[in-house]
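According to Swiss-Prot, the protein carries these features:
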- ASP13: active site, proton acceptor (ACT_SITE)
- HIS41: active site, proton donor (ACT_SITE)
- 12-18, 40-42, ARG304, 330-332, 412-414: GTP binding site (BINDING)
- ASP13, GLU14, GLY15, LYS16, ASN38, ALA39, GLY40, HIS41, THR128, ARG142, GLN223, THR238, ARG302: IMP binding site (BINDING)
- ASP13, GLY40: Mg(2+) binding site (BINDING)
- THR298, THR299, THR300, GLY301, ARG302, LYS303, ARG304: substrate binding site (BINDING)
Amino acid sequence: MANVIVIGAQWGDEGKGKITDLLSRSADVVVRYQGGVNAGHTIVVKGQTFKLHLIPSGILYPDTECMIGCGTVIDPQVLIKELDQLESLNISTKNLLISETAHVTMPYHRLIDKASEERRGSHKIGTTGRGIGPTYADKSERTGIRVLDLMDPAALRDQLEWTINNKNVILEKLYNLPPLDTEEVIQEYIGYAERLRPHVVDTSLKIYDAIQRRRNILFEGAQGTLLDLDHGTYPYVTSSNPVAGGACVGTGLGPTMIDRVIGVSKAYTTRVGEGPFPTELHGELGELLCDRGAEFGTTTGRKRRCGWFDAVIGRYAVRINGMDCMAITKLDVLDELEEIQVCIAYEIDGDRCDHFPTSARQFARCRPIYKTVPGWQVPTSECRTLEDLPQQALDYLKFLAELMEVPIAIVSLGASRDQTIIVEDPIHGPKRALLHPDGTPASLLSA
């Protein structure tokens with residue numbers, strides 16, 4: 001039995017969906033623990049592409065139980081569309097369970113999110129406009145609607161009559177928007193409740209029962225470490241906690257029950273939206289990475305900013321999450337490059353800095369210190385073992401593992417399930433220490 005957390009080690013979009021999908025083969029339960037429809041994951045199976053925002057990747061395995069935990073915020077409209085899409089493809093959704101204490105995104109959340117971002121002008125933070133921040137804000141203010149409220153028409157009406165009256169004042173007076181029709185919203189969400197009712201349970205109890213039965217549980221985060229509300233590049237962050245610790249709060253998992261943490265990073269770095277990005281590439285190289293990596297957001301379609309691999313934020317992610325091993329994705333995107341650069345440290349105002357600065361203003365002043373390594377200029381997308389990889393690609397992966405001081409367990413070379421090298425099964429394989437007894441960093445070559 002293993003309880004495994006999969007987290008993003010960069011700014012999201014690292015390929016967690018594919019890695020979670022792969023690991024779901026060995027999992028009995030897959031749990032999404034935070035975020036909402038502001039994140040998406042793409043999975044390619046036998047040439048068929050699935051784009052999901054709320055439903056865990058494990059849904060594609062008929063015997064895997066999938067849960068949406070209490071730390072998520074649920075947009076019923078989007079969730080029902082995902083259910084309908086999967087069922088139209090003859091993929092069963094009977095194993096999907098939804099936390100009754102998760103909060104619900106309402107129409108006023110989306111309206112306020114978009115209007116607030118517009119009002120920020122040059123100070124915008126790059127929100128997706130899906131209402132996630134305002135939903136979490138209402139949760140903190142204790143005025144939110146939870147799934148269990150959605151299941152009780154009388155309670156829902158009582159809460160929404162008061163809440164929409166207050167939100168309409170904000171919409172009209174602050175943003176010059178027309179008010180919402182209270183009765184229309186109530187009836188719309190009562191309809192959603194009936195569609196979702198069979199899936200709603202106390203997921204924390206289900207998770208505890210699964211642990212008692214010694215089942216393998218995979219906890220799936222959205223976004224990435226550098227977008228964490230407390231540990232990311234604030235204020236250019238999301239409104240929840242994608243880090244490994246968020247899995248405990250967002251599901252009811254006790255911290256002593258975590259067996260291992262798997263971090264997912266691209267072989268380079270991307271970021272979508274606003275905020276500092278020291279290794280960002282402009283010009284032809286940035287465009288090359290964007291084109292070869294198909295770097296456009298699953299949720300918004302926005303073009304992602306691309307740059308070299310940043311080992312400073314990588315080490316930070318290892319530390320914050322207590323990572324046991326890494327999955328490196330999109331190695332094949334680098335196939336055409338003669339040389340590759342890796343950021344090993346920063347320079348701030350003339351001084352070397354080996355650690356991630358907690359101030360976004362200070363982070364914006366960071367200039368990357370690069371180590372240049374040779375590329376391989378050989379296609380790797382058909383490689384299926386470490387021995388198939390060109391030596392320069394192996395050397396690159398070993399270099400990343402040494403810089404991060406954590407072993408690499410998985411290498412992804414494309415979007416499909418089969419375009420993967422499993423160095424070590426992170427669920428059933430032996431848990432390795434970050435350093436060997438002789439003090440040298442562990443690397444994928446020690447597998």
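Cβ atoms are placed via backbone N, Cα and C, with glycine included.
As the structure is a computational prediction, the values presented were derived from the model and not from experiment.
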In sequence order, the recorded positions (ASN38, HIS41, LYS303) whose C-alpha falls within 10 A of LYS18 (GTP binding site): HIS41
From LYS303, ARG304, LEU331, LEU413, the binding-site residues whose CA lies within 10 Å of that of GLY40 (IMP binding site): none
Whole-number Å value for how far GLY301 (substrate binding site) lies from THR42 (GTP binding site) (Cα to Cα): 13
Which listed residue (LYS18, ARG302, ARG304) has most other Cβ within 10 Å, given these are binding-site residues: LYS18
Proximal residue to GLY15 (GTP binding site) among recorded positions HIS41, ARG302, LYS303 (C-alpha distance): HIS41
Largest separation between Cα atoms (Å) of residues that the record links to IMP, namely ASP13, GLU14, GLY15, LYS16, ASN38, ALA39, GLY40, HIS41, THR128, ARG142, GLN223, THR238, ARG302: 34
Structural state of ARG304 (substrate binding site), classified by DSSP into three states: coil
Rounded inter-Cα distance in Å - LYS303 (substrate binding site), ASN38 (IMP binding site): 15
Sparsest-packed among the binding-site residues, when each Cβ's other Cβ atoms within 10 Å are tallied, from GLY12, GLY15, GLY40, GLY301: GLY301
Structural state of LEU331 (GTP binding site), classified by DSSP into three states: helix
Assigned conformation of LYS18 (GTP binding site) - DSSP reduced to three states: helix
Collapsed DSSP category at the residue listed as 'active site, proton acceptor': coil
Which binding-site residues sit within 10 Å of GLY12 (GTP binding site) - Cα, from THR128, GLN223, GLY301, ARG302: GLN223
Chain-internal residues, separated by at least six, CB under 8 A from LEU331 (GTP binding site): ALA267, THR380, ALA393, TYR396, LEU397, VAL411, SER412, LEU413
